[in-house]
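Comments concern the structure below.
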Amino acid sequence: MNKRLSRGKISLLASVFVTTTFMGGVNVLASTAKTGIRDITSQQVVKEMKVGWNLGNTMDATGGETNWGNPLTTHAMIDKVKAAGFNTLRLPITWDGHIGAAPDYAIDATWMNRVEEIANYAFDNNMYVIINLHHEDGWLKPYYANEAEVKAKITKVWTQIANRFKDYGDYLIFETMNEPRPVGAADEWSGGSYENRDMVNRYNLTAVNTIRATGGNNALRHIMVPTLAAAALSTTMNDYIVPNNDSRVIVSLHMYSPYFFSADLTSQWTTATWGSDADKAALSADFDAVYNKFVKNGRAVVIGEMGTINKNNLDSRVKHAEYYAKEATVRGITPIWWDNGYCVAGKEQTFGIFNRKNLTWCCPEVMQAFIRGAGATQTQTSYSLGDVNKDGKVNAIDYAVLKSILLGTNTNVDLSVSDMNKDGKVNALDLAVLKKMLLS
């Protein structure tokens, strides 16, 4: 999705966690198994990806990581996502605003470092990571008149990204673009014109060729490549061209389906109810169209974005999440939930299911249904950071328990919930961080 949220209060806790210093060069923190390219197909990779979660409205936020109301990303956040059963992190990134002038289009080193730092949080959890070009609509225009300029910039930008990550293994997946489309046109979301679709194919080819040309592991890296607007429409799928018929290209689609249930709140057609036999048949038909076009013909597919907004309709959302994940998985397709961090019910764009400020699932039933439908499993019984007494809530009682630990009257210490600043110790600093969390 590409609508920004209104600015929210930034968590005071977040700044405590982000202290990693980069020493230059490629900083591969993942295990050895993640630093090689295996002899497996893209379909096998997608099967291993299982089910995913988007770190939305964060590194894709224009102006900076916290500009759209989410806190700084921490290792603990990604730990929590992995523990819930998600095996893939999609990391949407807006590079525009962090790119220098032509002809070099140099990417700001601090921004590149931060991207790598967050990616490594997921690699440390043995997760797949997807890195893309996200809100680049200001320059990535799908028109013949813009072709030369756009291709030059794509080449420079992807060369820098690909070189930075070329030593990472096949748990890292590149995605050429997010939702390339004719922004502002009447047919922006309904397939665009032939010119638009043709230009998206050309830009995808430029990106894939650029990535492959950097060599190293990028020569065989699996790359996600979208249709126009990443839409699963007959026009966009029929005019889609796989760059070079590359066997390691994965089709990237976004399916907020059915739209008026999943993503619409204000139109006359909006609905908060889903789950009838007719509803299920219609959603299955959407997946059949994707399967018959691509998967049946040996082409791997990832649904890079899906989700439902919170309309105070928990029962329908749970039914939809489980059925959606099941229908995708049985067809060999990985679904990835779009989480923009916005959990408040009854407002537009409330796709959030995870509260990153207190590390709790704001819609646990929806999350569990999604995981269940995909056949994934939780890796462990996990508790939120700060839930010192492990009762499933973070509140003043946890503050009292942590204080008793520091006073020596309680020796039952679990670093995973008590070490608030992740420095390997439990002391007064952690008590201060917990206090800030409770007050935020």
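Note that Cβ sites are derived from N, Cα and C of the backbone, with glycine treated the same way.
Swiss-Prot has this to say about the protein:
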ACT_SITE  Glu179  active site, proton donor
ACT_SITE  Glu305  active site, nucleophile
DOMAIN    381-440  domain 'Dockerin'
SIGNAL    1-33  signal peptide
Taking only the Cα atoms, work out how far Glu305 (active site, nucleophile) lies from Glu179 (active site, proton donor), in Å, as a whole number. 10
So, in DSSP terms, is Glu179 (active site, proton donor) helix, strand, or coil? coil
Could you say whether, by DSSP, the residue listed as 'active site, nucleophile' belongs to a helix, a strand or a coil region? strand
The average per-residue pLDDT within the domain 'Dockerin' (381-440) comes out at 79
Secondary structure composition of the domain 'Dockerin' (381-440) [DSSP: H/G/I, E/B, coil]: 27 helix, 0 strand, 33 coil
When a 10 Å sphere is centred on the Cβ of Glu179 (active site, proton donor), how many other Cβ atoms does it contain? 25
